[in-house]
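Here the structure is laid out as structure tokens; the discussion comes afterwards.
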Amino acid sequence: MLTYLEQKINYEFKDKTLLLEALTHSSWAHEGKNEKVSNERLEFLGDSVLSLVISEYLYKNRKDLEEGSLSKYRAEIVCEPSLARCARKIELGSFLRMGKGEEISGGRDRDSILADAMEALLAAVYLDGGLEAVRRVILDLFKEIIDEVLKGIIYRDYKTRLQEVVQSMEVGKITYELVEEIGPDHNKTFVTQVKIGDVVLGIGQGKSKKESEQAAAMEALSKLGILK
């Protein structure tokens, strides 16, 4: 099964334990498995590796852009929705090791979990094969997103888009519900779910309520097949 994932990213691991670590959600150990490993440390590294590769690509290929524009484009390319989109492209959720509770709650298709796992996977490639190897993987997986961002065609107002889709389906009214606030006051993460009636369409998180609502709407659009 892991071989199939390696084929998806066009990279074969020399150290399979790195790949397994990248695929292990923290809930796996929390539910009594005899393993303390999770992908959280790799996720930390992968965030920086991805940022470096995309920064380098933009710097070398868009000499017309000033620092502010470079930062803006990079943020669009490496954001959670983009990472989750790449994860779905390679069916990453189906390979994750996670606790039953997390799986039952829809963890395999949750943007935040997919994005974190994607960063962990990139870090694993970096540690296993070096910068050139992970550069190839990133630029291949993110090619469509990079092109769309640079052409200005990425649709980032997901709430408006979801509203349009739901209205056309005539299935009811959308509501957004703040379900959790994580962390201290100076560094809060907000978790929001978007619903039609009692049916949860998507869950998202962000550093503001608005950002978490956009993330929830984006996940809903992905599940509805509007975003791929």
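The count begins at 1 with the first shown residue.
Keep in mind that glycine also has a Cβ here, set from the backbone N, Cα and C atoms.
Over in Swiss-Prot, the protein carries these features:
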DOMAIN    2-130  domain 'RNase III'
BINDING   Glu43, Asp116, Glu119  Mg(2+) binding site
ACT_SITE  Asp47  active site
ACT_SITE  Glu119  active site
DOMAIN    157-226  domain 'DRBM'
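Shown here: features listed in Swiss-Prot, placed on the structure.
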residue : record              : Cβ within 10 Å
Glu43   : Mg(2+) binding site : 20
Asp47   : active site         : 18
Asp116  : Mg(2+) binding site : 27
Glu119  : Mg(2+) binding site : 26
What is the separation, in Å, between the Cα atoms of Asp116 (Mg(2+) binding site) and Asp47 (active site)? 9
Predicted model, mean pLDDT over the domain 'DRBM' (157-226): 87
I'd like the per-state residue tally for the domain 'RNase III' (2-130) from DSSP, helix first, then strand, then coil. 95 helix, 2 strand, 32 coil
Glu119 (Mg(2+) binding site) to Asp47 (active site) - Cα separation in whole Å: 6
Cβ-centroid neighbours of Mg(2+) site Glu43, Asp116, Glu119, 8 Å, sequence order: Asn39, Glu40, Leu42, Phe44, Gly46, Asp47, Leu83, Ala115, Ala117, Met118, Ala120, Ala123
